[in-house]
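J.: Pasting a structure below so you can have a look.
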Amino acid sequence: SGLKTNIATIQGAQSWGLLVLVIITACFGKIAGTVSVSLLCKVPFSEALALGFLMNTKGLVELIVLNIGKDRKVLNDQTFAIMVLMAVFTTFITTPLVMAVYKPAKRQGKGDYKHKTIERKESNSQLRILACFHSYRNIPTMINLIEASRGTEKKEGLCVYALHLMELSERPSAMLMVHKARKNGLPFWNKVKQSGGDQIVVAFETFRQLSRVVVRPMTAISSISSLHEDICESAERKRAAMIILPFHKHQRVDGTFETTRTDYQLVNKRVLEQAPCSVGILVDRGLGGTTHISASNVDSIITVLFFGGHDDREALAYGTRMAEHPGISLTVVRFVPGPEVSGEIVTADINTSDDRVLMEFKNKASNENSISYEERVVRNSRETIEAIREFSRCNLFVVGQMPENHVTATAKLKAAKTECLELGAIGSLLTSPEFSTSASVLVVQQYRTTKKSPPPSLSSTKVAEIPEGDVESP
C-alpha cells in the first residue's frame with residue numbers, strides 16, 4: 001500500500017482540506033457512534049471515549065478494500081492517497097489518545113470498596129473471595145475451602161469469584177483462542193460442550209446449586225509476566241476481601257512437594273506486593289480429599305496459630321468465620337513469650353489490638369462447643385516448634401504471613417533456609433520436609449494501607465480478564 005501511495009498527488013489547499021475533512025468525518029463517525037451507544041449502556045464516559053478511540057483504529061481490511069478500489073479504477077491516485085493517509089493517521093493517534101483519557105487507577109466507584117479484609121467491624125456483611133486456580137488439581141481443595149468459609153444463614157452470605165488462570169505465551173496461541181472463540185459465531189464460554197472451560201464451569205455450578213454460596217467462574221488469559229495484574233484488577237473490580245492463590249508446588253504420593261512452575265511463585269509474590277485486599281496462599285495437602293465434600297459430611301479440624309500482629313489477626317478472623325460451619329472444629333493457639341523474652345515485643349499498640357481481638361474471641365468461644373482456645377508460653381524457637389507439633393493432626397493450619405510481636409521465638413525460623421519467603425516463617429516451617437503433617441496450610445497476609453517494605457519492584461504490563469458467561473472487558 002505504501003508503494004502505491006503517491007502523496008505528491010495531494011496538492012493545493014483544496015486537496016489538503018479534503019484530507020482534513022475525510023479524517024474528521026471518519027473519526028467523528030466511529031468515535032461519536034461508539035461513545036453514544038456506550039453511554040446508553042451506562043458505560044462511564046472516560047471508558048466510552050477510550051472505546052471510541054479504539055474502534056477508530058483502521059486495520060488490514062481497510063487497506064485491502066482501498067487496494068481493490070484502486071485496482072478496479074474506482075479510486076484515483078489522489079483519493080487513494082487521502083484514504084491511506086487517513087487510515088495511517090487514525091491508527092497512530094489511538095495509543096496517545098487512549099493513554100490520555102483512560103486511567104484505570106483513577107476509576108470512580110472505589111469509595112464503595114470498603115471491605116478489603118476479613119477482619120471487620122460489620123461481621124454480618126457479605127464476604128467476597130477471589131479464588132484462583134491453575135488446573136483441575138486445585139479445584140477440589142478450593143471448593144472444600146469455599147464450603148468451609150460459607151458461614152451461617154445469619155450473615156449476608158459468601159460470594160466467590162473462581163478465577164481460572166490461563167497463560168497466554170505467544171501470539172499464535174492468541175490467534176487460535178480468538179478463532180476458537182468466534183467459530184460459528186458462538187461466544188467464548190459457549191463453544192464446545194466437552195471443553196475444559198465448560199468442565200470447570202460445571203464443577204462450580206454444581207457446587208453453587210448444592211450450597212448457599214454464590215459462585216461465578218471466570219477465566220483470565222494473559223502472559224505469565226502480567227498475570228498478577230489480572231488477579232489484582234479482578235479483585236478490585238469485584239471488591240473482594242481476600243485473594244486465595246494456590247501454592248506453586250503440589251504434593252506427590254510420597255508426601256514431598258514438587259514444583260509445578262517457578263513462574264507461579266513469582267506471580268504469588270507480585271500479588272502479595274500489589275494486592276488491593278488481603279491475600280491467602282493455600283498449600284494443598286488434600287484438604288477433604290480429591291472430591292467435593294457435601295455440607296452434611298464436613299468434619300474438619302482447623303488450627304489457627306496466633307503469635308500477634310495484623311496478619312495473625314486476619315488469620316484468626318478467617319478461622320472464626322470457618323468455625324461457624326457446623327462441621328468445623330476450630331482450635332486457636334496463642335504463643336506467649338516467656339519472661340526472658342517479654343522485653344522484645346515490637347510495639348504496644350499491636351499488643352493492645354491483639355488483646356482486644358482475643359478477648360472478643362474468647363467470649364465467643366465460651367459459648368461454642370466447636371471452638372477451643374489455648375495459650376502456650378515459649379522461650380525460644382525449639383519450644384515453639386514442639387508446641388506446633390502437638391496440633392499437627394488437624395486438617396488445616398491458618399497462619400499469618402508475618403508475625404509481628406513474637407520476635408525471639410520466630411527469629412531462628414526466619415533465618416532458616418527456605419525457597420518460599422512468601423509463606424513467612426511459620427508457613428515455611430509447616431511446609432518443610434522436617435515437619436511431618438498431612439494438614440493443608442493457608443498463609444494469610446492482611447491488607448493494610450501502609451504496607452510493609454516490599455521486595456524490589458517488578459515490571460508488569462496490562463492484561464485483560466475474560467469472564468466465562470459475563471463479558472466485562474475485551
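Including glycine, each Cβ sits where the backbone N, Cα and C put it.
What TrEMBL says about a protein is an automatic prediction, not a curated fact.
What TrEMBL lists as domain 'Cation/H+ exchanger transmembrane' is 2-98. As annotated by TrEMBL, domain 'Cation/H(+) antiporter central' applies to 158-297. According to TrEMBL, the feature domain 'Cation/H(+) antiporter C-terminal' maps to 302-448. Per TrEMBL, the feature region 'Disordered' maps to 449-474. According to TrEMBL, the transmembrane segment annotation covers 16-41, 48-68, 80-102.
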J.: Do you know the mean pLDDT across the domain 'Cation/H(+) antiporter central' (158-297)?
T.: 75
J.: Where DSSP helix means H, G or I and strand means E or B, what are the helix, strand and coil counts for the domain 'Cation/H(+) antiporter C-terminal' (302-448)?
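T.: For the domain 'Cation/H(+) antiporter C-terminal' (302-448), the helix, strand and coil counts are 63 helix, 34 strand, 50 coil.
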J.: Please list the DSSP helix, strand and coil residue counts for the domain 'Cation/H+ exchanger transmembrane' (2-98).
T.: 76 helix, 0 strand, 21 coil
